[in-house]
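Chemist: Feature annotation from TrEMBL assigns transmembrane segment to 26-49, 69-92, 402-421, 427-450.
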Amino acid sequence: QVEATIRLVQQAQASKAPIQEYADKISAIFVPVVLVISAITLFGWIAAFEFGWISKSVARTTVLFAVERAISVLVIACPCALGLATPTAVMVGSGVAAKLGILIKGGAAALEKSNSVNTIVFDKTGTLTMGSPAVADYQIYDYKKFGLENEGQFWLLVSSLESNSDHPLAKAICSFAKKVCDSFVFQLTEIHEQSGKGLKATVEIYGESFGLFVGNEGWMNANGCNNNSKHYRDRLNDWKSKGRSIVMVGMKLENADNTLSGTVVGVVGIADQIRPETTTAVGAIQKRGVQVWMLTGDHDKTAHAVAAQIGISPSHVISQVLPEEKFEKVRELQTKTGGIIAMVGDGINDSAALAQADVGIAIGSGSDIAIEAAQVIKTNLLDILVLLDISRKIFNRIKLNFVWAFGFNIIGIPLAAGVLYQNGVVLSPAIAGMAMALSSVSVIISSLLLRLYRP
């Protein structure tokens, strides 16, 4: 944990946002300009005294006086404050964010992009929902025609296939099956998983072979499994309207007879509770003028039902998305909106999309690969509001620091050059050095005031 924290701090220190690059470019121009101003000050004072343009009222020689003014200009115009403006605000602000439960990996670049986010895309399962799906209802049809004696045997058969998948819905079915399954002898072979669709295998029951399929409706159709009963269709529509994810079980007789081929023998409705803070967080984000989109592999009707409960517009729901397609959907949104896109996810399937987004946000309980791909790590959906707010505060503080730095030089350089000489105001190199240090201190104090931030 300590090594990980050190690495994150190093990344934050090394990263440069566009505003920091802009400051570096200004500094690259600023230094030669100051050298020119210093040279003009030197020769200008010598000429002014020698040609009598200004009456000399100091005890020092003309050259010594001119050299002091030139040195004062060089000393007071040190670009330290410009260099400190961004990193000090970023480091203080990142520390404040960490205390509030938000770990920012991307440093200044992530903060600047977070400040400009106008669209946030949420993965549904495990992000908008609790990520702990459970079987809410099920219906089994004609399982005895395939040699199964009771529902317990059906659940053992299905869970044995689903145990080969890491999908949350598969885990929900396995968890439920443990409570109701019944032992019997069978053999699974040729197991294959199609990511985002389902699994299939060949199962031998009492000497007869069947094809076994577990997955979504598209997976059933692709493998020739169907159920045309009205009860089956009504049940599906009812569950979809309640926002439940649906897993179907199909079986196919593989002998020459083929009379039972392509039958949906079971359908499972799985519910995943919406996070308590989801509706509040989504509503508050939308009030800030930020668009909210939902990305999910669920069926259209299920996805829209969940979106309606949360408060997301139907036009901002992208459903039936395969895991490998999330990356493309985020890229399409970037092209479509032309704005700064933030992606919020928690699983391995979200990692490519998190990396593609302008700002990737991983929830703290997410997978290691998702956290590694993200620029911001959070623990609660409400933290997104804090992220948007504190990034704005930090970015505004950086701009204020630049105002301090530029304003100080705009006032200090003419004074050091001696524009108020005839009014009796002259800055010695020592005073100019103190003033230069004061400019850096003022920027640091300005950044440290971010510690007073409260969400």
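From the backbone N, Cα and C atoms, a Cβ is placed for every residue, glycine too.
Can you tell me where each of these features sits in this structure?
Modeler: Proximity of distant same-chain residues to the transmembrane segment (26-49), defined by a Cβ-Cβ separation under 8 Å and at least 6 residues beyond the stretch ends, is recorded for 56, 62-63, 65-67, 69-71, 73-74, 77, 79, 82-83, 413, 417-418.
With a cut-off of 8 Å between Cβ atoms, the residues of this chain six or more beyond the transmembrane segment (69-92) that come close are 12-13, 17, 19-20, 23, 26-27, 30-31, 34-35, 37-39, 41-42, 45, 107-108, 111, 394, 397-398, 401-402, 404-406, 408-409, 412-413, 415-418, 427-429, 431-433, 435-436, 439-440, 442-444, 446-448, 450-451.
For the transmembrane segment (402-421), the list of distant contacts is 23, 34, 37, 41, 45, 54, 69, 72-73, 75-77, 79, 81-82, 85, 427, 432, 435-436, 439, 442-443, 446: same-chain residues at least six beyond its ends, Cβ to Cβ under 8 Å.
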Chemist: Give residue numbers and ranges for long-range contacts of the transmembrane segment (427-450): same chain, 6 or more residues beyond its ends, CB-CB under 8 A.
Modeler: 68, 71-73, 75-78, 80-81, 84-85, 88-89, 91-93, 96, 393-394, 397, 400-401, 404-405, 408-409, 412, 415-416, 418
